[in-house]
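Notes for the one structure printed next.
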């Protein structure tokens with residue numbers, strides 16, 4: 001799903017009205033009806049809806065919503081500016097309709113605590129391009145400090161669609177956001193996404209042909225789109241059909257990382273999985289992952305060499321390797337001297353730490369390699385940035401320069417292609433913030449690459465599957481009790497979601 005800018009959104013609205021031969025107020029009515037359907041379906045039991053409407057078309061959407069809720073018999077209170085303040089034509093028309101219906105319309109100054117209320121923010125939409133100031137800042141700040149569930153229409157007021165504001169900005173603190181048409185870029189950054197809550201995309205039938213024409217480097221990987229890239233198993237197949245994956249991982253005290261990544265490659269569907277580990281990991285891996293074949297280094301506690309790769313389709317390197325100088329030297333020599341033609345290389349954890357120490361070795365990465373850093377690992381590789389948007393743009397440059405794929409792990413993990421396109425993942429929650437979670441992700445992606453998925457597709461599919469598991473485990477495990485092993489336990493159910501017809 002394409003993510004477009006605020007300017008592109010305005011152009012899309014205009015083209016939709018022209019091509020469908022509808023007026024702006026008709027488009028607003030349609031948006032309001034869709035919003036009403038979603039809100040009433042979920043919150044019909046609410047005693048009061050307090051709808052705060054600005055003077056523009058976002059406020060107009062809120063006024064349509066208010067009328068429809070009122071006509072359904074809900075108690076509605078509108079807070080807005082007086083009729084004397086300049087409003088958009090569409091806003092004013094809906095304001096006058098509500099006056100005739102006798103819906104309570106109060107000034108913003110009259111906002112006060114209301115029992116059992118849902119606050120609806122329809123103050124500012126994607127047209128906002130600067131921080132809130134003056135009375136608008138005061139209004140939002142006041143609502144934020146009142147009790148009651150809070151729903152934002154399109155974007156939380158004070159949040160800009162395309163850029164990150166100052167840390168002292170006041171933004172409506174939504175529990176959920178009903179965003180119209182397309183997700184907005186700033187939903188996916190920790191500085192701004194924290195105001196959005198859970199978001200749902202409201203389809204109002206904007207012109208798809210023009211949307212497809214609009215250029216963008218940013219996308220949201222919805223379940224619908226992930227299903228399109230998933231390839232179910234063939235009936236007439238065998239283990240050789242699904243490739244041979246190699247996991248190079250582990251050191252004394254960190255063999256668990258090798259176990260997790262090996263098991264993940266197996267459960268992701270690789271036909272064969274081998275691992276290469278220090279001798280201290282042999283018994284542990286033979287017992288913990290009996291389906292895999294274990295190769296060992298001559299050293300007891302850490303790697304002193306790296307294996308030949310000609311028998312493997314994909315190679316995942318890094319979990320639990322440790323920081324021994326001998327392991328580092330062996331890694332650099334292997335990276336420089338190995339022929340990775342027709343192989344997929346996935347680097348994580350200590351392999352990334354090695355590269356951050358000697359960045360001149362980045363040039364030896366084969367094209368379309370996958371690097372899976374968390375924010376601090378990426379900072380060590382590419383340098384510091386001041387906010388998440390800067391980091392994403394730096395990551396795009398980094399991926400383009402090296403012709404690689406980056407899996408930048410975060411609340412909304414971003415898969416970045418060698419051409420600089422960014423695909424934000426749609427699954428996952430804080431349950432994944434646990435030790436070993438990244439090791440499992442490395443194994444999943446390595447296992448998918450072994451089966452013949454391209455490195456870009458394997459990355460997008462892998463992060464979706466990985467992120468889906470805590471949702472599926474919700475009835476059995478809390479976010480606090482969820483572990484990396486729980487990801488493995490629920491990975492099969494995540495695959496089943498892609499096989500379902502829903």
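Glycine is treated like the rest: Cβ placed from N, Cα and C.
Features of the protein shown, as given by TrEMBL:
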BINDING   57-61, 125-131, 154, 257, 320, 374, 439  (6S)-NADPHX binding site
BINDING   58, 121, 157  K(+) binding site
BINDING   409, 410, 411, 412, 413, 438  AMP binding site
DOMAIN    9-212  domain 'YjeF N-terminal'
DOMAIN    222-498  domain 'YjeF C-terminal'
Inset, instruction - Out of 374, 409, give me whichever of these binding-site residues has the highest number of other Cβ atoms within 10 Å. - result: 409
Inset, instruction - Starting from residue 438 (AMP binding site), work out which of the binding-site residues listed here (58, 60, 121) have their Cα within 10 Å, and give them in sequence order. - result: none
Inset, instruction - Would you mind pulling the DSSP three-state label for residue 121 (K(+) binding site)? - result: strand
Legend entry - Residues flanking the K(+) site, with Cβ no more than 8 Å from the Cβ centroid of 58, 121, 157 and excluding those residues themselves: 52, 54, 59, 62, 122, 123, 124, 125, 152, 153, 154, 155, 156, 172
Legend entry - Fewest-neighbour residue among binding-site residues, criterion Cβ within 10 Å, set 60, 438: 438
Inset, instruction - Would you report the average pLDDT that the model assigns to the domain 'YjeF N-terminal' (9-212)? - result: 97
Inset, instruction - Indicate the candidate from 121, 154, 410 with the smallest number of other Cβ atoms within 10 Å of its Cβ, considering only these binding-site residues. - result: 410
Legend entry - Spatial neighbours of residue 58 (K(+) binding site), counting only the binding-site residues 126, 154, 374, 411, 412, 413 and Cα distances within 10 Å: 126, 154
Inset, instruction - Could you name the residues, excluding 409, 410, 411, 412, 413, 438, of the same chain that surround the AMP site, i.e. Cβ within 8 Å of the Cβ centre of those residues, in sequence order? - result: 374, 408, 414, 425, 428, 432, 463
Inset, instruction - Within 10 Å of each Cβ, count the other Cβ atoms, then let me know which of the binding-site residues 58, 129, 157, 413 comes out lowest. - result: 129
Inset, instruction - Report, in whole Å, the straight Cα-to-Cα distance of residue 411 (AMP binding site) from residue 126 ((6S)-NADPHX binding site). - result: 23
Legend entry - Maximal Cα-Cα distance (Å) across residues annotated as binding AMP, namely 409, 410, 411, 412, 413, 438: 14
Legend entry - Neighbourhood of residue 411 (AMP binding site), C-beta criterion under 8 angstroms, separation at least six: 188, 190, 193, 428, 430
